[in-house]
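Single-structure report; data block below.
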């Protein structure tokens with residue numbers, strides 16, 4: 001029998017003391033951290049409410065996530081379902097509204113480690129695509145958990161390309177029913193969360209066939225499991241898709257439908273209807289059915305994707321002031337690794353972009369709320385820009401947050417590879433966001449189509465076609481352009497107008513270049529589809545630069561609103577400057593390409609950038625403290641507020657089942673190996 005690890009009695013003295021190396025970082029504050037937290041929360045009242053909810057959540061042992069790193073897939077699923085169950089009980093007892101802030105704060109406190117998250121997506125889709133009658137019928141059933149619903153769109157053979165979905169919904173006028181069917185193996189619904197074990201109903205996206213004509217993708221409410229004993233209903237083949245990189249708490253599933261019949265009323269009908277005789281009535285645009293995806297993407301940005309990078313920054317920054325390595329001077333003690341410029345270069349751009357993304361997500365949410373109401377009232381004028389912004393920001397944020405979290409993990413050295421650091425799970429969660437709700441390359445190319453259309457609109461002669469005004473996000477396409485950057489010294493690159501103009505210049509050039517390549521191919525005889533395919537790399541580059549411009553512009557506009565907070569405005573401006581200049585240095589070839597920047601100016605930008613690293617260093621811990629994540633929410637041995645990294649890491653390691661159970665390989669393999677060698681000695 002293998003012996004348990006030797007247990008050292010640490011007591012809890014260390015857990016009541018602040019590590020001096022992190023305490024010193026908080027001693028001299030150049031700005032009010034609490035006030036910045038209030039700004040990030042959208043007001044002091046929201047901060048107070050969030051902390052109240054977090055206090056409630058963390059007071060219940062049912063919500064503990066501390067053993068997550070040692071659990072099996074089944075244990076994670078059951079624990080997540082337990083949390084979902086108890087959240088519903090608390091919400092009902094305390095009167096938390098389904099759309100209120102409290103449930104969002106509870107989700108944040110638990111790091112999203114809760115079951116039935118796709119149930120909420122179903123509700124969003126119902127409210128976006130359903131008629132008032134359908135909402136009145138199904139919404140209360142969802143709210144009271146009389147049914148558990150999922151959103152079944154992605155298939156085994158198709159994902160982001162929605163027009164290629166194979167599941168069919170054929171209308172039978174004789175019975176006034178839709179026959180939902182998976183005609184091929186690749187038509188199997190694959191990946192929907194809550195589908196594998198939990199859901200009783202699914203909102204199935206399928207190709208509508210009525211009166212002999214295919215009408216494109218529409219949404220149908222389909223019962224899939226018995227409400228009596230949870231067994232699959234007739235015609236339903238259903239299960240879990242198996243192991244994944246992460247999200248063990250979520251039962252991602254598969255669904256095959258074999259001529260399953262649902263009533264005519266189960267097709268969501270806000271934007272399209274099928275009359276009893278099979279007549280198809282179109283009430284919206286072809287893009288109307290994409291509205292639920294827009295809703296989900298906007299919510300993902302601030303609710304799912306961005307907080308993960310923020311957590312990674314908190315963990316890596318705190319660990320970097322505790323970890324000491326080598327000496328800056330031979331006579332000095334070992335230095336905090338955050339005092340090394342190379343560590344600052346790894347972490348500060350991630351911190352800067354997390355703030356840039358925060359302010360962008362806030363402005364996008366405001367635009368979405370205004371546009372969403374208009375769309376539900378049949379005003380689709382905002383939809384093109386809303387779609388372009390939501391797809392572009394989802395692609396950019398998931399890409400940069402994934403890269404940023406991985407950079408934070410590596411910046412923590414070997415300990416960053418331990419699950420107990422919390423960082424590996426953050427990285428793998430973010431990795432999924434690069435493909436769920438739209439694969440990023442495809443999303444960038446959807447933005448590119450919007451950019452091409454917008455650019456061509458600027459080239460129309462005033463009298464040819466009635467010109468609608470450009471969308472605000474691409475208004476820079478008609479702004480006066482500078483041929484050369486006017487910067488003459490490093491400090492000039494700290495001017496928001498200068499670097500915003502620089503990003504706009506490069507974006508315009510790349511968009512124009514992509515259009516010209518497209519036109520050259522079509523004029524030489526290529527059809528539009530082939531010409532597009534042959535220029536997608538150029539379009540992709542243009543879309544990415546446009547998205548970066550949007551983040552820079554959004555950050556500068558957010559700073560302008562902080563005139564009454566000079567200390568906070570100053571420290572955030574440094575992050576804004578760093579974000580803009582880091583992007584310029586990373587993509588310097590794009591700025592040098594047409595000599596907009598000279599080599600000497602790139603050197604100036606680098607000088608400004610390196611000086612910003614030095615200035616941000618003194619506020620780094622405070623800027624991450626402002627995110628205000630609880631230790632329970634971070635669930636990291638490296639990132640706790642008190643800085644007692646090594647004590648916590650050692651204590652947590654002792655909880656591993658491998659240290660308390662018998663060695664399963666000792667009797668069968670290790671002992672015989674050792675004895676065989678002894679017999680030869």
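Every residue number used here counts from 1 along the chain in the order it is shown.
Placed from the backbone N, Cα and C atoms, the Cβ positions cover glycine too.
What Swiss-Prot lists as phosphoserine is 3 (among others).
Feature annotation from Swiss-Prot assigns phosphoserine to 9 (among others).
Under the heading phosphothreonine, Swiss-Prot lists 13, citing a large-scale study or a structure entry as support.
Neighbour list (residue 66 (N6-succinyllysine), Cβ cut-off 8 Å, at least 6 residues apart, same chain): 632, 635. In the three-state DSSP classification, residue 66 (N6-succinyllysine) falls within coil. Annotation comment: Swiss-Prot describes 66 (among others) as N6-succinyllysine.
The Cβ of residue 137 (N6-succinyllysine) has no same-chain neighbour under 8 Å that is 6 or more residues away in sequence. Under the heading N6-succinyllysine, Swiss-Prot lists 137 (among others), citing similarity to another entry as support.
For 453 (among others), the entry in Swiss-Prot reads N6-succinyllysine, with the evidence type similarity to another entry. Look at residue 453 (N6-succinyllysine): DSSP puts it in a helix.
The N6-succinyllysine annotation in Swiss-Prot covers 561 (among others) and rests on similarity to another entry. Its Cβ taken as reference, residue 561 (N6-succinyllysine) is surrounded by 11 other Cβ atoms within 10 Å in the chains shown.
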Around the Cβ of residue 453 (N6-succinyllysine), the count of other Cβ atoms that are within 10 Å: 14
Alpha-carbon distance [residue 453 (N6-succinyllysine); residue 561 (N6-succinyllysine)] in Å: 32
Three-class DSSP secondary structure - residue 137 (N6-succinyllysine): helix
